[in-house]
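*Asks:* Below are the features I grabbed from TrEMBL:
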type	residues	note
BINDING	D:64, D:114, D:160, D:167, D:191, D:243, D:261	substrate binding site
DOMAIN	D:316-398	domain 'STAS'
REGION	D:392-412	region 'Disordered'
COMPBIAS	D:393-403	compositional bias 'Acidic residues'
């Protein structure tokens with residue numbers, strides 16, 4: 001049997017293939033020459049499986065989709081305080097020809113608009129970085145996320161520099177306000193190289209899954225950014241990723257996302273998957289026409305809306321078994337607040353009075369911080385009730401289970 | 001043993017009790033006389049347990065927290081198309097003295113600002129509704145959500161009408177643009193009665209859990225609004241709930257929320273719980289000072305951030321067992337896209353070749369639409385491979401399991 | 001011989017009669033029923049001659065043209081400080097649905113927009129004025145300017161009150177910000193009565209000439225407002241009179257002006273004349289289509305542009321005559337800065353050394369303050385040179401000619 | 001006797017000398033080093049007399065006062081259509097960090113803001129002009145207006161280029177929108193050289209008088225720009241010259257003006273004089289503190305407000321004399337609309353019935369177009385009445401007096 005997931009995606013691809021609305025970006029020749037009929041959809045699950053359909057091996061320039069990725073890198077290189085001092089996180093409903101600097105601070109309003117992205121690029125590595133080192137930082141970080149070596153299309157970069165007046169205007173204005181220090185031409189040169197990194201739809205799906213998985217690479221299992229950075233980037237994409245119409249996207253799609261002018265569209269569904277579409281024709285907002293339709297289909301048909309979370313809480317208690325002298329609470333899955341709360345509520349309701357209470361966490365895949373703290377506190381209270389606490393944890397999912405008073409549960 | 005959840009909340013309450021920042025709203029005497037030291041925190045899980053600490057039985061006026069609730073009622077009474085034609089969903093970064101009407105349509109930008117909330121109130125029931133029937137619709141719907149009969153504080157209502165110039169200005173302007181038809185004084189009168197409905201922190205936590213639970217009441221199990229309405233309301237709160245600073249709230253707290261000028265603050269963590277705080281002192285944005293701090297604590301300490309979802313996908317496959325003639329896939333929990341995908345991937349990888357494949361869904365609590373469709377498609381493909389498909393479903397969690405071709409799995 | 005001025009106006013009227021662009025205001029029935037073909041042009045010189053052509057006796061409602069007139073009345077009733085504290089003088093480039101309140105003060109930006117005009121109406125008479133007394137103040141002041149008793153069209157007033165939502169919105173918002181204190185409904189009622197005062201094109205031309213003549217009625221010679229008020233009102237019309245497009249009007253027409261939605265258009269050319277057009281069809285800015293074209297024609301063809309002032313300075317020295325023992329400086333016309341400067345320069349250049357210098361001002365029509373001071377100072381210096389100063393002033397155009405040291409010139 | 005005008009200016013200078021408010025511009029060292037105590041006032045009448053007091057021979061950089069001058073040059077070089085297509089004429093109330101481009105056209109809103117001034121500089125000469133030729137065009141035109149050879153301070157130019165980020169940002173944005181074509185760096189280089197032209201207060205007063213005199217140089221009598229250009233530039237200064245606060249300036253000062261960051265302030269009082277102040281300390285709007293105070297004094301004390309025009313009309317009829325067979329109308333001064341109308345009204349009222357009517361224009365200094373047309377039409381009508389028309393015009397002030405039918409008046 002073949003998994004039908006790929007077939008689902010194929011069906012979506014086929015159903016939208018006839019859509020010819022919009023037009024390929026034409027402000028530089030390299031983009032204008034793109035084949036407008038190209039179309040690819042890719043999904044990568046947080047545990048590392050990728051489903052691709054259509055032209056998923058065709059490379060295109062990452063363009064503005066580089067913005068959230070570089071933002072993650074800058075947060076890692078400089079820390080939250082430094083980055084937030086230079087670039088805000090508020091949505092900008094303003095028109096295309098506005099700089100969207102915050103009054104007072106003159107910070108760009110968020111890292112998803114050009115002013116914010118140029119500032120963010122300038123923050124890469126450290127204060128002494130030059131064009132080359134910042135571009136290499138971006139290229140190498142994006143490569144780590146994608147799981148393969150990506151390259152900069154230098155011909156495209158040259159071509160875009162010829163019509164970079166808008167970005168040069170922004171960079172000069174940012175230096176005028178003391179937001180950036182480097183030569184405006186250098187920062188824009190580096191930023192445009194960053195935008196000229198070539199990716200496939202498959203790359204973007206894998207990259208999206210890195211965020212959706214809380215910063216852990218879905219294939220290698222390597223942590224590629226901190227959980228906090230992944231959360232920050234997804235939050236900013238949720239609020240500011242789709243230019244104007246942020247509210248429309250949030251209500252009808254509900255997947256943090258970012259689009260690029262070459263036709264790419266990256267989405268991250270927290271805890272579930274990265275999603276990518278590639279189709280060069282753009283709508284009047286500059287988003288891939290078929291990309292937007294694909295995300296609407298996925299969100300609606302496949303319940304992929306961020307606030308549409310199901311109540312997993314009660315599923316973490318796999319089983320409760322009572323023998324003569326012990327009651328065993330068998331946990332499973334991921335232990336978050338609501339799951340831990342459910343376990344603790346069941347503990348509180350336990351009237352067996354058996355001398356021993358066994359916590360079997362061998363089926364638990366992961367304890368969130370809050371879950372770990374709550375379960376340990378539950379164990380402490382059980383022991384305070386005069387009962388023996390035994391922990392079954394063969395995979396060390398709950399390391400150093402200090403009950404808060406220096407004591408530990410017995411091990412089985 | 002007592003569940004430590006309440007103790008956690010008590011600790012948060014105690015740690016923030018010394019915070020005296022901000023000031024009680026003073027634009028009408030009734031609000032100005034509030035005891036500024038009152039403080040309550042309440043959490044209600046989606047499966048119906050409520051934890052309250054502090055002054056959780058003190059009633060206060062719901063004020064602007066009525067906005068998302070009335071929005072839900074209007075969506076139910078009039079349908080999405082009618083409501084969206086009159087009120088948008090986009091964040092408004094505009095200043096306090098702006099009407100925030102969209103250019104072109106003259107729609108209020110969203111239902112969380114006064115212009116949108118007044119319009120939304122006017123949509124309650126139907127075109128022929130009068131003040132009384134709209135107010136009763138709000139009161140009765142809010143009561144259903146809270147699980148007890150709520151009342152309108154008529155003295156407060158009278159008092160607020162005396163300083164209702166701003167809302168009257170908005171209502172006249174809305175009628176000027178044809179957004180509302182009724183007499184502006186009537187709509188504002190009804191809207192202010194809606195804002196004068198009295199609630200407790202506990203009420204708000206239960207109400208929040210109705211949304212977090214996808215529209216099903218956490219205590220009664222009754223469906224109080226459609227899943228789509230719950231999703232719409234939470235999405236709008238996520239983008240527009242906290243006035244300016246929406247991006248700051250989204251990145252640092254990440255819980256869809258709405259505050260009221262009497263000191264209430266309502267949050268909904270999808271799939272997990274409703275959260276409420278009550279503390280009358282307001283910060284410069286008009287949000288409860290201690291309320292905001294409490295939400296920050298909960299989001300940080302208890303991992304309650306919307307995009308911080310854990311990967312539950314792999315937990316739905318409880319067990320795979322193979323005997324001589326059959327392979328049994330035992331599912332559990334909620335079957336969403338990522339869970340179904342995991343099951344299907346395991347099915348595809350199955351090399352046992354047993355003549356029978358058993359799907360045991362007796363531990364499944366709920367199939368999301370997408371999960372149901374994917375699992376049924378998986379069964380169909382298994383049978384196409386020439387294997388017998390058996391379904392174990394004692395609780396009818398997967399009713400009418402048509403495999404898409406009019407045939408059904410065998411039952412065990 | 002008949003003066004050709006009227007024929008000039010007839011020619012302009014005829015040449016624009018074929019213009020049918022625009023549409024009659026239709027937001028209330030009374031305006032919608034206006035005969036769209038009506039057309040009148042009227043000009044009144046500052047010395048009181050009026051030329052009218054077309055439908056110059058047809059009455060129409062004054063509408064927004066009442067704004068500058070009521071502003072003059074309010075300045076007279078309350079003084080500059082009180083009025084400027086409540087209403088600013090800055091142009092508002094903002095769109096129609098904005099309130100145009102200044103940030104910080106919440107003052108309406110100027111008295112020509114509705115918010116400013118409603119506030120201005122509320123300032124009429126004194127703090128205790130009621131609707132009736134404010135309306136009567138406006139009606140009676142406008143009548144004084146027009147030189148005949150004007151009336152309020154009560155049917156029109158009633159009709160406009162039915163669609164006064166926008167103005168009611170503004171009035172409520174103004175009270176919300178503490179700019180007005182009275183009941184919003186009352187102020188709007190009075191304001192709309194003020195707008196319903198009926199005038200003819202001829203009335204408006206006479207009214208315009210009152211301003212152009214520095215506050216002195218062109219026919220009666222009575223001072224109807226202070227020179228400072230006339231200057232203030234014309235300055236505000238110059239900057240804010242024609243909604244958006246103030247710069248376009250200033251560069252291409254250059255005549256301070258105000259239009260009304262019933263088709264009236266009032267202009268004031270300082271020192272020369274009042275101009276009025278009446279034609280009900282309005283362009284997309286809400287100004288009379290033919291009215292705007294007429295003003296363009298007059299400005300271009302008849303050099304009626306405010307900054308197109310000719311150098312009159314040298315014309316004030318009518319003659320210099322020298323006899324054996326005296327030199328006579330014969331002055332004429334209006335003595336402003338540039339004229340006085342020219343006289344003084346000639347005095348300084350006088351090398352006749354005659355024992356007596358005669359100043360003959362019998363042909364002078366008016367000394368501006370600066371002119372008076374400069375000429376008196378000139379006399380003083382002549383006497384300091386040891387020469388006798390004689391003043392010929394049969395009409396007492398230069399009363400109390402104190403030379404600054406308590407002495408006076410001899411009289412002839 | 002000495003003319004007291006200079007003494008008046010000295011008194012103003014002395015009375016404001018103690019004013020130390022504001023601060024010297026410090027964004028580049030060359031400006032920061034200016035002596036803050038310098039103070040000069042200069043007035044040049046339209047007939048060529050200049051009064052200077054204080055540090056009137058000290059040179060300073062013209063800075064933004066170059067904007068209206070270069071605008072005049074561009075209008076002359078390119079014509080109104082080309083210039084208006086690229087730069088608007090509307091006031092911009094927007095904040096400092098806005099580009100003030102018009103939506104739709106992307107034109108800078110007016111030539112007095114930096115975006116408009118940079119565009120205007122780029123329009124100098126023709127499409128093929130380079131930096132050198134544009135700068136030379138500005139320098140040479142400014143020199144013609146000032147009546148002496150001005151120079152560019154190259155050290156200042158170099159120094160300003162080092163902090164030209166804001167202007168470079170603007171220039172890049174203008175090229176982005178297709179408003180300018182040249183290399184942004186070149187245009188800004190040229191523009192800053194234009195701003196670095198060195199002038200004295202006396203120069204500025206003479207320059208101002210060129211505009212006030214309708215484009216004719218007050219000293220040489222040479223026409224240095226068309227009357228239409230002078231009118232356009234003064235109109236734009238009236239509406240947009242003083243940044244925000246245009247309405248305040250128009251109501252309280254009423255003199256078209258432009259200020260520069262080096263402390264210069266240029267005013268033009270149409271038909272009367274050019275006015276200049278130099279004092280380096282700037283107020284919070286960037287205008288010379290003492291400069292603004294000086295203009296307020298002059299406007300108030302010396303009645304120098306643009307709309308404060310006196311009624312000169314009746315002064316043009318110098319005398320009417322009747323002998324047995326002729327009536328003589330003796331005209332004088334400048335014949336504008338209101339003057340011509342007065343003459344025609346007197347002609348119409350003439351009941352002498354003498355066979356001959358004599359028009360003596362030997363004292364007329366100038367006929368405005370409208371005046372010429374009206375008087376000729378009056379002559380024609382007199383002759384139609386059967387009377388002989390005789391013209392006395394020794395200086396040919398009314399050349400080619402065709403009465404509209406190919407006939408001419410008799411000459412005396």
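Glycine is treated like the rest: Cβ placed from N, Cα and C.
Keep in mind that TrEMBL annotations are predicted by a computer and have not been checked by a curator.
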*Asks:* Among the binding-site residues D:64, D:114, D:167, which residue has the fewest other Cβ atoms within 10 Å of its own Cβ?
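*Replies:* Each of the binding-site residues D:64, D:114, D:167 was scored by Cβ atoms within 10 Å; lowest is D:114.
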*Asks:* Please list the DSSP helix, strand and coil residue counts for the compositional bias 'Acidic residues' (D:393-403).
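*Replies:* Reading the DSSP string over the compositional bias 'Acidic residues' (D:393-403) gives 0 helix, 0 strand, 11 coil.
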*Asks:* Using DSSP and three states only, what is residue D:261 (substrate binding site)?
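*Replies:* Going by the DSSP assignment, residue D:261 (substrate binding site) belongs to neither helix nor strand, so it counts as coil.
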*Asks:* Starting from the Cβ of residue D:160 (substrate binding site), draw a 10 Å sphere and report how many other Cβ atoms land inside it.
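*Replies:* Excluding its own Cβ, residue D:160 (substrate binding site) sees 24 Cβ atoms within 10 Å.
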*Asks:* Quick one: give me the count of other CB atoms within 10 A of the CB of residue D:261 (substrate binding site).
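*Replies:* I get 20 for this one.
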*Asks:* Do any residues at least six apart in sequence from residue D:191 (substrate binding site), in the same chain, have a Cβ closer than 8 Å to its Cβ, and if so which, in order?
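*Replies:* Looking at Cβ-Cβ distances below 8 Å from residue D:191 (substrate binding site), excluding near sequence neighbours, one finds D:117, D:118, D:121, D:122, D:167.
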*Asks:* Can you tell me the mean pLDDT for the domain 'STAS' (D:316-398)?
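*Replies:* So the average pLDDT across the domain 'STAS' (D:316-398) works out to 92.
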